[in-house]
Amino acid sequence: MEIRGKLFVSQVVRKFNLNVVANSDYIDREISTTGITRVGFELAGEILFKEIWNIVYFGSKESNYFNKFSETIISKKLGKILDLNPPLIIFGKNFKHAGILLKLAERYKIPIVEVKYSFYELNFTINSYISQKLSHQSLVHGTLLSVFGIGVILMGESGVGKSELAIELVKKGHIFVGDDAILVNRIGGNLYGRAEDSTKDFIEIRGLGIMNFSRSFGIERMIESTKIEIVIELIKPAKHEKIKFERFGREIQHKEFLETKIAHYYIPVIEGRSISDIIETAITDYKLKTSGYNSAEEFILQINKKGI
C-alpha cells in the first residue's frame, strides 16, 4: 500500500530545535514540497507560480542583491515573496536585511526562523529530513533488522517465523528496527525503512503475544531506521518445490522491490536448520560479493583446474 507522507513546520522546528523569531503561533502550517528554495526569479519580478509550497531561504546572496536597492524597494520585493505564502521562511546569519523582513512578517501568518547554518548545511540536514518525510512511502508486511550493518527485511507468509527469527538474530548481537508494519521510503534510488508509528517498539511472538521490544531486550538493541539492501523471503516447506534455488550462487539474485532493484534471497524454512545462522551467512556472502570476492567463482575455478 503506497501512501504520501505529510510534514508540518512544527515537526521541522522540533527536530532541529530551530529559533522561531516571528509568528511562532503558526508553526502548524503544512510543508507540501521538498527542497529549500532561493527565490531569485521572484525577487527579480518573475512570478512563476501563485504560491510557494516549500521553505524559502534568505542568505548572503539575497543580501548582496538587496544592497542595490533602497529600503522601500527591498520591502516591496520581500512583500511579494510573503504574498506567495510559503509555509516557512528561514534566514541565515549573513542576511543583513532581517529587520525589514521581520517588520513585514507582522502582517502575515508565516513563521520566520533564524539559523546559523549556511544554505548548503541546510540542504544536508533539514532538506534531507524533509525529503524523507515527503517521499512516497509503502507499507510493507515484514520484519526489519540491521545484520552486520546491512539493512535486511524478512518477508514471507504469516506464521513462517519472521518475528521469532528476529529475536534469535537480536540475541546474536544484531539490531532490531521494526516488526509487522514497515514504512519504506524510496529516496534517490535507495530504500529506507522504519517501523510504522502504531507498531513502533513492539513485536508479536506467536504463543506469547505482543511484547515491548526495548523493555524486553534493551533500547541499545534498536535503531529508528535503516537503509534496506536485502530482501530475504522465508519459504514454508510446502512451497519449496515451486522455487528454483540457485545451487552455486555465482551471482547475487535481485528482484524489483517497490520499483527498486534490490538483492533477494529465498531461504527455505526446514525443521532442524538454524535459519539465523543461514541469514548471517547470506549477509556475509552478500558483503563479500559486493566487495569483489566470489566464493562460487573460486570453487568453480579450482574444479576446472583439477579437471573434475
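For all residues, glycine too, the Cβ spot is worked out from N, Cα and C.
What Swiss-Prot records for this protein:
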| type | residues | note |
| --- | --- | --- |
| ACT_SITE | His141 | active site |
| BINDING | Gly156, Glu157, Ser158, Gly159, Val160, Gly161, Lys162, Ser163 | ATP binding site |
| ACT_SITE | Lys162 | active site |
| BINDING | Ser163, Glu204 | Mg(2+) binding site |
| ACT_SITE | Asp180 | active site, proton acceptor |
| ACT_SITE | Arg247 | active site |
| REGION | 268-273 | region 'Important for the catalytic mechanism of dephosphorylation' |
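Sitting within 8 Å of the Cβ centre of Gly156, Glu157, Ser158, Gly159, Val160, Gly161, Lys162, Ser163, and not among those site residues for ATP, are the Cβ atoms of Leu234. As a whole-number mean, the pLDDT of the region 'Important for the catalytic mechanism of dephosphorylation' (268-273) in this prediction is 80. Counting only the Cα atoms, the space from Gly161 (ATP binding site) to Glu204 (Mg(2+) binding site) is about 10 angstrom. When the recorded positions His141, Asp180, Glu204 are compared by Cα distance to Glu157 (ATP binding site), the shortest distance belongs to His141. Ranking the binding-site residues Ser158, Ser163 by how many other Cβ atoms lie within 10 angstroms of each Cβ puts Ser158 at the bottom.
Minimal Cβ crowding within 10 Å, among the binding-site residues Gly156, Gly161, is found at Gly161. Around the Cβ of Val160 (ATP binding site), the number of neighbouring Cβ atoms within 10 Å comes to 19.
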